[in-house]
Amino acid sequence: MVLNENDKEFVKKLFDSLDKDNNGKLTREEIKEGFFKLRIPSSEKDIESFLTNVDKDKDGSVSFKEFEDFTIENIKKLKIVFEELDTNKSGTLDIHEIEESIKKLNIPLYSEQELIRLFHRIDKNRDNQIDFNEWRELLVLLPNSNLQLIISFWKDSQILDAGFDNGGFIPPMVEKKEKASSLRNTITYMLAGSVAGFASRTSTAPLERVKIMCQLNHGKPISLISAFKACYKDGGIKGFFRGNLANIIKVSPESAVKFGTYEYVKKLFAENDCELTSAQRFISGSVAGVVSHTTLFPLEVVRLRLSAEIAGTYNGIFDCFKKIAISEKSIRPFYRGLGASITATIPHSGVNMMVYEFLKHKVIKMTGNEFPTAGQLLVCASTSSVCGQLVGYPFHVVKSRLITQGSSVNQEKYTGLFDGLTKIIKKEGPIGLYKGIVPSFMKSIPSHSITFIVYEGFKKAFDVNLKEKKHH
């Protein structure tokens, strides 16, 4: 393979940059310092290995001729590897070609963010294409130029961006540190979920109240304007926020449990996030939804009762708990509708998380950015919210009626989920199962958008993705 003048000029400039005293020879110290700056492993063992391969006359230093022979031979090998990776023969490598090569070599990647960091490690001018000059600059001094070693070094060399340990790679974390990091990440997920839940529910509380009023209406569907007027008449501005405190008390820990569980279940399927299938994301989302919803379901009952009843029926959360318990002399009313709720949560939460993550990862790959923008997250969250609601909404309607049955706003009696579905369809038609879905969309789309934007923002602020990438 013929080298061009550009390659020879590159070798001369590289040698001169390492030869600090300009005496035409590279000492062990100059090589070590140069490797350190180039972010190449530079432990004593690495330097010794380099000298063994390059210092042919064994005088303890590297002349320009020795350096030139070694690097030119490496450049020839690098060109062969580059052409092997360049499957579309464009003369450059794009992120999809790199991803396919990594998959073929079975080298693990934690996430799309790691793939993009890896790509940008070489793509210095950020044009989303790696030309041979960029490829050569990072890899020319590797002692071996086979594809497996190149990709592994390229991937692992990202660790050097965070610092060095005695001039070499940072050693692997011991198990205790990995566990501590995993615990910190779990706490971060839960904190992010909690704050996201608080922010989203408070900002959309009026729409939640209107949605519940529509769900509990047994007659002809009422218009949004009529529902808003009824809410305002029953308590003024405060009427729109009735039940919101119970909602916050419920949703903040519920969101914390949901996101913490979701990330945990994903890890059971695969250490690397980008290896997960859509089915595995669906299962992770469903399990997270069921665990979080079941854990705090009594608060869901109180929230719905506070939102549904007329002003003055209950004097706050604890009074609502007390009156519900006294009226039926058991804890059963606090779990009435749980079956319908779980039935609704499985497809709703599963589809929601599956679609959201699918779209988010697509955006990351398409844009080449490590993190989607707030606008892009809004589109992902909105789409996933609509998909989740379409499959789970009828069960939410039945759940709301099961929870509030026997109250002043819902005198109808249901024995369970199937009975509820049957009676609603019989008396109100199939449209009865979708009563309140318009205000539900109006509430859930901004609510989910706020939730995911805050959640992803927290993860980014605490650098969770990068931390996990280092430990996996």
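Cβ coordinates come from backbone N, Cα and C, glycine included.
Taken from Swiss-Prot, the feature Ca(2+) 2 binding site applies to ASP55, ASP57, ASP59, SER61, GLU66. The number of other CB atoms found within 10 A of the CB of ASP57 (Ca(2+) 2 binding site), across every protein chain shown, is 10.
DSSP gives THR92 (Ca(2+) 3 binding site) a coil state; it is part of no helix or strand. Around the Cβ of THR92 (Ca(2+) 3 binding site), 17 further Cβ atoms fall within 10 Å across all displayed protein chains. Positions annotated as Ca(2+) 3 binding site by Swiss-Prot, on the basis of sequence analysis: ASP86, ASN88, SER90, THR92, GLU97.
Per Swiss-Prot, the feature Ca(2+) 4 binding site maps to ASP123, ASN125, ASP127, GLN129, GLU134; the stated evidence is sequence analysis. DSSP assigns GLU134 (Ca(2+) 4 binding site) to a helix.
Sequence annotations record features per position, and here Swiss-Prot assigns domain 'EF-hand 1' to 6-41 based on sequence analysis.
Assigned with DSSP, the residues of the domain 'EF-hand 2' (42-70) fall into helix, strand and coil as follows: 18 helix, 2 strand, 9 coil. Taken from Swiss-Prot, the feature domain 'EF-hand 2' applies to 42-70.
The domain 'EF-hand 3' annotation in Swiss-Prot covers 73-108, and the record cites sequence analysis as its basis.
Under the heading domain 'EF-hand 4', Swiss-Prot lists 110-145.
Per Swiss-Prot, the feature topological domain 'Mitochondrial intermembrane' maps to 1-189 (among others).
Residues or ranges marked as topological domain 'Mitochondrial intermembrane' by Swiss-Prot: 264-281 (among others).
Away from its own ends, the topological domain 'Mitochondrial intermembrane' (352-377) comes close to residues 95-96, 112-113, 115-117, 119, 128, 262, 274, 276, 278, 281-282, 284-285, 288, 383-385, 387-388, 448-449, 452-453, 456, 460, 465 of its chain (Cβ-Cβ under 8 Å, at least six residues beyond either end). Residues or ranges marked as topological domain 'Mitochondrial intermembrane' by Swiss-Prot: 352-377 (among others).
Residues annotated as topological domain 'Mitochondrial intermembrane' in Swiss-Prot, with similarity to another entry given as evidence: 463-472 (among others).
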Exercise. Of all the binding-site residues given, namely ASP55, ASP57, GLU66, GLN129, which is spatially nearest to SER90 (Ca(2+) 3 binding site) at the Cα level?
Worked result: GLN129
Exercise. Can you tell me the mean pLDDT for the domain 'EF-hand 1' (6-41)?
Worked result: 86
Seminar exercise, completed: Note: among binding-site residues ASP55, ASP123, ASP127, least Cβ-dense neighbourhood at 10 Å is ASP127
Problem set entry | Reduced DSSP assignment, ASP127 (Ca(2+) 4 binding site) | coil
Problem set entry | Nearest-integer angstrom distance between the alpha carbons (Cα) of GLN129 (Ca(2+) 4 binding site) and ASP57 (Ca(2+) 2 binding site) | 40
Exercise. Roughly how many Å separate the Cα of GLU97 (Ca(2+) 3 binding site) from that of ASP123 (Ca(2+) 4 binding site), to the nearest whole number?
Worked result: 14
For this session: From the binding-site residues ASP86, THR92, ASP123, ASN125, GLU134, pick the residue whose C-alpha lies nearest to the C-alpha of ASP55 (Ca(2+) 2 binding site).
Result: GLU134
